[in-house]
Structures are given as structure tokens and as C-alpha cells.
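Quick look at what TrEMBL lists:
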TRANSMEM  B:21-41  transmembrane segment
TRANSMEM  B:61-82  transmembrane segment
TRANSMEM  B:94-110  transmembrane segment
TRANSMEM  B:116-139  transmembrane segment
TRANSMEM  B:148-166  transmembrane segment
TRANSMEM  B:199-217  transmembrane segment
TRANSMEM  B:246-267  transmembrane segment
TRANSMEM  B:273-292  transmembrane segment
TRANSMEM  B:299-319  transmembrane segment
TRANSMEM  B:325-345  transmembrane segment
Amino acid sequence: MNRRTMGKTLLGLAGAAVVALSVGAAAAQDKLKVGFVYVGPISDHGYSYQHDQGRLAVEKTLGDKVSTTYVENVPEGADAERVIEQLAASGHKLIFTTSFGFMNPTLKVAQRYPDVKFEHATGYKRAANVATYSARFYEGRTVVGAIAGKMTKSNVIGYIGSFPIPEVVSGINAFTIALREQNPKAEVRVVWVNSWYDPGKEAEAAKALIDQGADVIVQHTDSPAPIQTAQERGLWSVGQSSDMTRFGPKSHLTAIVDDWNGYYVDRVKAVLDGTWKAVDTWGGFKDKMLFLAPYNPAIPADVVALADTIKADIMSGKRHSFQGPVKDQSGKVVIPEGKSATDEQILKMDWYVEGVQGKVPK
Amino acid sequence: MSLIRLEPRGQASQAMVYATPLLAVLLTLLSGFVLFLLLGFDPMKALHAFFVDPVSSKRGIGELIVKATPLTLCAIGLAIGFRANVWNIGAEGQLTMGAIVGGGLALAFYGEGGWWLLPLMVIGGAAGGMAWAAIPAYLRLRFNASEILTSLMLTYVALLMLNYLVHGPYRDPDGFAFPESRLFEADAVMPILWAGTRVHLGAALALFAVAAGWVLIARTFIGFQIKVIGLTPAAAGYAGFDQKRVVWLVLLLSGGLAGVAGMGEVAGPIGQITPNVSPGYGFTAIIVAFLGRLHPVGILLAALLMALSFIGGEAAQIAMGLPKAITGVFQGMLLFFLLASDVLIRYRVRFGARRAVA
């Protein structure tokens, strides 16, 4: 076989073959074009799925004035910038980049397209045409923690973490504080899978935690695999990002569901009205950016009542997920009595509260 | 007895050797046409959106080059190894180590860089990749351990090390504890070669690697040794060629090139160290090496073709809402048709029971 010459012809011919397929470009549209960039597949039944639900809500409410485009499975590396720029260059005037790793690529593209508006989820850098938004996921974790404190028999909770970033660590802490308020003997064990979506690893992590005695599995990863594992073993679980009841109806206590529908519709409207500003939005239960999936009918009525009270108190401001005194693992009081954690403390959280086993990976 | 047999042809047809890549591309396009038709898209429009639109602008061509750069660098090194029957499957890990060492230098000299920083980073990137490839080389020569397994397993070690570093020592002190390094400063960023695009110095390094790879294989004695060892190890033994030296050479070479590719990614289009340096370039490069027939120029073209299939997949998704999985389907079809054609030019299909062979 002649290795030297075969490859040479390959690409030239490929080019020639396709250049012949000359087709006119699609007609220009007058509608506002809105782009969405997802880190996972929209079929993940979790994080990216919920963002896409938001996109569909925009289509439904404003379909006569806007058209939407999405790109799924975009890696958080050199490729992200190209995808974002491709959207900007093809006439999209509002672009939502929905994962933390898209932060710097979004800013780079935003600099080159000053007339395009960008919205980046879960990041902290803004610009004249870059807004940021996120949900106070930790508020949901507080309610779930209280439920878990009432439901556990073994007093061991298994917690599957994605990456040890503040969003996830603050979730673990909010969960643990509420858990131990109901059940001071309970403790939390964390396994990090270093991925947002990896059903195989997540299932393995769930099994490892169950083998260590956990009877409630909580996850901050996006696949339903931990729910399915908990269901097989006859144990409790809590879903993440979307209602995962159908993957383990016997096991699924509830889920912390992200709800971007209202936010996306509002922001698209703001662009249409000309009132859009590059602000930071960090909304919780009160702002309807998250809610809890329907409770499992097996949860006793008094626990449901407790959960509802906590949720109502968070919404009314009567209760904060991190209200003092909050102690770290060494027993030192980090948030004193009578005070609550500031937003900055939550956004930078890289330590565990008392009751979490192990150390935050550094 | 099976009804269909493959019977070796004495000599592969020279004309067919030239024609099969064309055939594979045409069959892929044809199948793509049918596939789009079945999916309910206008097939001409879809193929146009996939293969033509992405490269019909300066930016698009630039992106094609950016994407082909790490693929070419990795594949050139791998192909030289494959020719010597050294199966380095761990370019992804060597690439990651290159990013860790090369990028680490950018962070170590943050705020005190100069003109010398970038050359130092290139050397560091190459050294990182080489060091990572040296482990499988040593294990193969000392313990006869398969480099396929060791290089592959070391990939996961490198990825975990990267994860550890970006969550710890490399983390941006002002970054709210998020797992990313600082953005590199100007002295530590690859210069842009083509204004208005992201084409960076790495593309020139890749072209240099193509030329150097060709010279090495076609014009040097060591290149001759590599080919002989790959084709007939026994003959190489009789000729007194030093097989150990060749194993070291090809592994260090492929590791070093992969390391430069990784360093070029963090100092180029990414501009910082993140937990996701490469979307699998080191693995895709294996396909590129074989698609390019292990020849440097073939590899360059194959890298551009693979890059086009990635970028085209995105473009088609944006322009027409085609599913992302189409990218994988196209890559799969192309390789399938190419390999199938290869089989058919070397073997003849026979139906029915074997006849007596004279």
C-alpha cells in the first residue's frame, strides 16, 4: 500500500465535491434571534434540560417576536468561544451561556460584539453587554436537609458532588445545617465525581456511599443514575435540577428544580423593550428561580408541614440558610449568633460546616 | 463453512489506492444526503450548512486551522510511532502534561514575564509531554509492559493531576474559589498569526512538525530504521538496528509534540488553565493518523477534514437545528467507508464454498 500518496487526495476531493453543492443562504429574519449554549445534552433530564425548558417557554410566550437557537454538548474549553462567536456572527442579539466554564469565552466574544447582549449563568464577571444570573440553589438544599434529617434511620447521608466549587460546597453546608437541626446525630459523607454528568460514575458513587451506611442519597450532579441506584436498594434519594420522580418513584423524596422560564422570558422581553441592563440576578424561592418537585407520598404529613414552613420562612426572609451560629469542622464559629452569611461569604465558600465528613478537596 | 469469504489479492491496485479516499468521501456525502432526507431536512441545504458555510468566511477558515492545530501536532508524532509498531495511545495525557508544565510556567512567572517566557513555555510543554511518554517507554523496555495499556492509563492520571492543580495550586486567587487559573498575561500568550482570527503560533509549529516529520521518515537513516522495525522487526534485528533507541525516540517525539499541542491550547485559544484543556484531541489524533495514512501531508489534510466535521456539526446545529450527534455519525461513516474500501482493495470477496486453489 502506498501510504504517501493516499491521504493527499482525500481533502482536496472532499472540498471539490461539496463546493458543487451550491445552495442559497437562508432568508434573513426580522425576529429577534436568541441563542442558548448548553454544556450537556438537552436529554440529560437535569441542568441543561431545564435551561432548554426555559428556551421553550420563550418560544411559547414570545414566539411571534423571537426565534431561538441552541447548541448542546459544548465543551468548556477552546471550543466554547467559537460556538458563542458563531451565534453572535449569525445575527443572534441575545445569547445565554449556561455553564460556569463559558465565562471567559463569553467575555472575549462580548468584547468583539458590543451590540450583542450576553447572559452568563453562575459566573462572576460582567461587562457593559454581559449580565450574570444564577439561582440560590442552597435555599432548596436547606429544605431538603430538614426532610433528610427526619427520614434517615442510619443517620448517614450520602452526598454526590460534581466539583468542589462554592455553589456545590455551599449546598452541602446548607443541607448539613438543616439536617443536624432536625437530627444532631446525622452526618454527611461526600463523594466527588469531577463531572456534571456521568451516569456511570454517579451510580458508582451512590453504591459506595450506600455501602458506607447511607440511607439517603443526595446529588449535585445532573443524571438520574443515583436515583435509580437508590431505588434498586430501597433507599431514599433527592433529585437535582429537574423533577426526577419517574426514575425512582419509590425512592425520590423530592428534587430541587431550577426554573429559568420566568427569567428567560423577562430578559428577552427586556431586550425587546430596550430596557435590558447588564445586571447580576441571584434569585431563590421568592423569585421563582427554583422550586421543589412534588413530595413523595411516603413522607409523613408532619415532615411535609415542616418542609413547607421552612420554605415559607425562607421566602419571607424570616429564615436564612446560613444563620448563625454556624461552626466549621473544627468547631470554630464562622458566622456568629444573630448574623447570617453575606452573599460574598456564600459565593466564596470553600469550607465545610460541622457534621460533614472529610475535607474540601484543595 | 461461511458463504462469504475474503480472499487476499496479490497486489493492491495502485489506481484504487488513490481512489478510495475519494470513494469514502463520496459515499459519506451520499449517505448523508439520504440521512438528511429521512430526517426531514433539505439535504442540499444541510450538506451546504455542514461543509461549506463554516469555511466560507475568514473567521471560519481560522477556526478550522485552530481546531486542526492540536490534531496535527499529536497525530504527526503518533504516526511516527505507529510506523515503528510503538502504539502510544496516551497522547491525550501527554497533551495534558504539556498544558500543566507549559501553563504552569506562565503562572509561576506571572507579573514578571518577558520575551523569554513564551519560548520557555514551549520547551516546558514539550518536556512535560516527553516526561509523560518516557514512563511507558521505560516500562516497555525494562519490564516488557505494553505501552498501549500504560500510556492509556497514564492519561487518566494526567487528567486527575490537572483537576487537582486547578482546584488547588493553580487556582486563581481572585476567582471565588472556582477551578480555573488566572488569565495568562500578554507575554505568556501565543501571538496571533492572522489578525481577526484565533490562528496562533501553534499553527506554524504544526506546519513545521509536518515538514520535519516528512524529512525524518523519508530522508534520514533513523527514519529508515523506524520503517524497517515496523515492517519486519526480524530484519531490523539482523541489520543490527537498535530497537531500544527507536522506542525511546518515537515515544519522546510523540510525547513532546503532544505536550506542545497542550501548551498551545492553554496559551492560545483558552488563555488560562481550566479543567477542560482538550475535548479529546489526543484520542481523535489516533483516527487522524490513520486517516492520513501515517503520512505527514496526509495527516495535515485528515486533521483539517476532522476539524471541518466538528465545526460543521456545530454550524449545522446553529443554522438548521440538526442534532449534535450528526457530527459523530459523519465521522463514523467516513472512517467506515475508508476502512471498508481498504479491505476491498486488498481482498476479494468470494461467495460460496472455497474452491481448490492451484
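Each Cβ is built from the backbone N, Cα and C atoms, and glycine gets one as well.
TrEMBL annotations: computationally assigned, not manually curated.
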Notebook entry, point to check: For the transmembrane segment (B:246-267), which recorded stretch in the set B:61-82, B:94-110, B:116-139, B:148-166, B:325-345 gives the largest number of Cβ pairs separated by under 8 Å?
Noted result: B:116-139
Next item on the list: Would you kindly check B:21-41, B:61-82, B:148-166, B:299-319 and say which stretch has the most C-beta pairs under 8 angstroms to the transmembrane segment (B:94-110)?
Entry: B:148-166
Next item on the list: Kindly say whether the transmembrane segment (B:299-319) and the transmembrane segment (B:61-82) touch, using the definition of 3 or more Cβ pairs under 8 Å where each pair is 6 or more positions apart.
Entry: yes
Next item on the list: Go through B:21-41, B:61-82, B:116-139, B:325-345 and flag the stretch with the largest number of C-beta pairs under 8 Å relative to the transmembrane segment (B:273-292).
Entry: B:61-82
Note to self: Counting only residues 6 or more past its boundaries, what in the same chain has a CB within less than 8 Å of a CB in the transmembrane segment (B:61-82)?
What the structure shows: 54-55, 88, 91, 95, 194, 196-200, 202-203, 205-206, 209-210, 213, 216-217, 226, 230, 250-251, 253-258, 260-262, 264-265, 268-269, 278, 281-282, 284-286, 288-290, 292, 294-296, 299-300, 302-304, 306-308, 310-311
